[in-house]
Amino acid sequence: MQKRELYEIADGKLVRKHRFCPRCGPGVFLAEHADRYSCGRCGYTEFKKAKKSKS
């Protein structure tokens, strides 16, 4: 994936589609997986919250 694919223009402003890594700082994005976000540079991982189903 190229860096230009991680941004979009909305209402004349540049908007990031992904989040930055809190350890590495701006410019290093977190990859989005089905159950987690992970940094390919430092290995930082955040797990997504599981949605509770109504029963």
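Backbone N, Cα and C atoms are what each Cβ position is placed from, and that goes for glycine too.
Record features, source Swiss-Prot:
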ZN_FING   21-42  zinc finger
BINDING   Cys21, Cys24, Cys39, Cys42  Zn(2+) binding site
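Per DSSP, the secondary structure of the zinc finger (21-42) breaks down as 0 helix, 13 strand, 9 coil. Apart from the site residues Cys21, Cys24, Cys39, Cys42, the chain places the Cβ of Pro22, Arg23, Gly25, Val28, Leu30, Gly40, Arg41, Gly43, Tyr44 no farther than 8 Å from the centroid of the site's Cβ atoms, the recorded Zn(2+) location. In this structure, of the binding-site residues Cys21, Cys39, the smallest number of CB atoms within 10 A of the CB marks Cys39. A sphere of 10 angstroms centred on the C-beta of Cys42 (Zn(2+) binding site) encloses 12 other C-beta atoms.
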